[in-house]
Each structure stands twice: as C-alpha cells, then as structure tokens.
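Let me begin by presenting the structure, written as structure tokens, before commenting on it.
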Amino acid sequence: MSRTDDPGVAGLRVYIVGGAVRDDLLGLPAGDRDWVVVGATPEDMARRGFIPVGGDFPVFLHPRTKEEYALARTERKSGRGYKGFTFYTGADVTLEQDLQRRDLTVNAIARTPQGELVDPLDGVADVRARVLRHVGEAFAEDPVRILRLGRFAARFGDFSIAPETMQLCRRMVEAGEADALVPERVWKEVSRGLMAQAPSRMLDVLARAGALARVMPELHDDTAVRAEIDRAAAAGLPLAGRYALLCRHTPERDALGRRLRAPVECMDQARLLPLAVDALAASATPAAQLDLIERCDALRKPERFDALLQAAAIVAPVDLSAWRARVQAVRAIDAGAIARQCAGDPARIKPALRQARLQALGGA
C-alpha cells in the first residue's frame, strides 16, 4: 500500500481509508483503494494533474493509477434523505473529522503510506471482535446506511451488529427516514447484498430494523426464502438467479421489480422461475418438456434458460445435463427445411415443426 515513491502525491498528506484497510485487517484480498487527502485544495490537486470526477464534493483520479483521492471533508444535515447534506472540504478539515462522518467504525480506519494505522474510533477493536457498530449519532442522518448495514452483515457472516446500532436503525425507520430512499439506491445496496456470502442476513437486518416493509413492501419474506437465497449464494448463482429466488414466493413480484427498478434480466428470471419449478416437476413427457422450453423461450435464449434451470435446482433436483441436451436437440431441428417440405401448405409448418421437435426430445 506504499505511496512513498509516488511523485504525484509527494508533499501531500494522504491516507488509505475505508474498505481497503478493513479488508486488509481481515486478511481478505485487496480491492480498490480509496484515498483521502488532508490539507489540500482543489487547485492543489489540479496543479498535480489529478482529474476531477466528484459531483457533490471534490474527488479526483490519480493521473497515472486512476485511484480515487477525495479531499477530507465534513458534512452537515441540511434536508431529508440521503441527498440532504452540505459538505465542507476546506484545507483545515482534519483526518479525524473526516473519519468521524463515516458510517461504521470498521470503515473509519485510515492507514498512512508507510503502513501506520490511524484509528481514533476504535475500529480495529471492532474488526477483531467482529462487530458492526455505528460511528456516532450522525449515522441517523443518512438512511442509506441502514441498507449498507444489511449489506455488510450479508458480506461478513461472522460479524454481529451492536445492539445500540440496531436500536438507532429502528428509530430512523420510525422517524420516516427510510421513506426518503430512492429506488436506485435501494437496488444498488440490495443487489450487492444478494451477491454476498449470506444474503439472508441482509433481510434479517432490514426486517429487524423495520425497513424491509418500507423499501420492499411487496416482498414475501420467510425462512424458505432466506434458505434458498443462501443456497444460491453457496452455489455461486449470478444476480438474476438470486433475485428470482428472493421473489419466488412473492405474488406481486412484477410490482416489486418495478419499485426497485430491477434490471430486465432479473425481472424476467423472477417471472419465469415459478413457472419453471412447477413445470420441471411435471416434465416427464416430451410434450411437457417442449412446452417448458418454448414458454421460457429457450431456443432463442439458451443461456437464460440454463441460468433459470440452475436457479430451479436450488429448489428441487434438476438434471442440468439432460435439459441442456434437450435444448440442443430441439435447436438442431432445421425449421427452414421443414418449411420447404411444406411448401404450398403453410398451415402444415407449425404442426410439422412441433412433431419434429417432439421426436428429437424422444431421443434426447
């Protein structure tokens, strides 16, 4: 993590902050590094060739490494929701003040380029104790932090949540802060939580805080849902499959997807999975197999169908190899050749094509 030999930051007080420091302490692979710069101005950064990319506050890309460098800042609540903040980034803002505005103590640890930790909020102790604890009462000013807490609980399955932090989340929800969350931010955190190692913990945190019913009121949440999304995580399923399993017991899954503004792929999987699970249980005959293949548009979208089968396999056993062979057998039928054989009698094309596909499935 050394920056001692980087001429781009020579003379600047720079620190690695946040997740990179936390994950290093946990012995996890290093991800993207975020840097905070103390005592500098935007003009100082521009003179060094740093590229401004921040909107609400000054953030810059290193001209060579493209890592993010943010000027140390404080923030003050000035309105409702996660956008209701006023930021101050003067050169007099200290590192400790910047760390104080962060969400959790485990994310409020800094490291110098020489490797020395700066830990005014005892985040290292909470990393060692495996505790997610809010930094201070300012946590309550940003409702996104409830979602982030759920996501971190899902990612770090052996971490507990400090009781006072959960109490604060409940007070935030009761005060209506969660109602100010916009769909894009909810989806961003929920989707990342679904891709973590224990997605059910995210649902647990949001439910205990009272936020789940506010941000996903349509969702039917029970022990079966939680068990299935955790099995999906263990199996390494992609996001669309995990989301489909999350929604499998939710009658209003389309409304939920629209509320979250979930991607089309996720909404398609959520819509098709219940059909597939039911059809797979009754697909002993070629006719039933062909009906499922056609209803799921597997001939045009075989990769999506394969992903759908993998999600269905979380619910009940599925012979993936056999189904892949069936799709391949049906796709091998030359529809053009059949159409030519039926020249002069177009009405025969559809039944002839179906019969050929059924015969292919009988031998698949």
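Glycine is no exception: its Cβ is also placed from the backbone N, Cα and C atoms.
Keep in mind it's a predicted model, so treat the numbers as computed, not measured.
Under DSSP, R102 (CTP binding site) is assigned to coil, being neither helix nor strand in the three-state scheme. Around the Cβ of R102 (CTP binding site), the number of neighbouring Cβ atoms within 10 Å comes to 21. Annotation comment: Swiss-Prot describes G19, R22, R102, R148, R151 as CTP binding site.
Annotation comment: Swiss-Prot describes G19, R22, R102, R148, R151 as ATP binding site. Listed in sequence order, E189, R192, G193, A196, M202 are the same-chain residues at least 6 apart in sequence whose CB falls under 8 Å from the CB of R151 (CTP binding site).
Secondary structure at D32 (Mg(2+) binding site), as computed by DSSP, is coil. Taking a C-beta cut-off of under 8 Å and a sequence gap of six or more, D32 (Mg(2+) binding site) has these contacts in its own chain: A20, E67, E68. What Swiss-Prot records for D32, D34 is Mg(2+) binding site, and it gives sequence analysis as the kind of evidence.
Residues near D34 (Mg(2+) binding site) in space but far in sequence (CB under 8 A, at least 6 apart, same chain), listed by position: I16, V17, G18, G19, A20, E67, E68, A70. Residues G18, D103, L104, V106, N107, F152 surround the recorded CTP site, their Cβ atoms falling within 8 Å of the Cβ centroid of G19, R22, R102, R148, R151, which are themselves excluded. Cβ neighbours of R22 (CTP binding site) (same chain, under 8 Å, six or more residues apart in sequence): V106, N107, I109, G123, V127.
When Cβ atoms from all protein chains are considered, those within 10 Å of R148 (CTP binding site) total 21, not counting its own.
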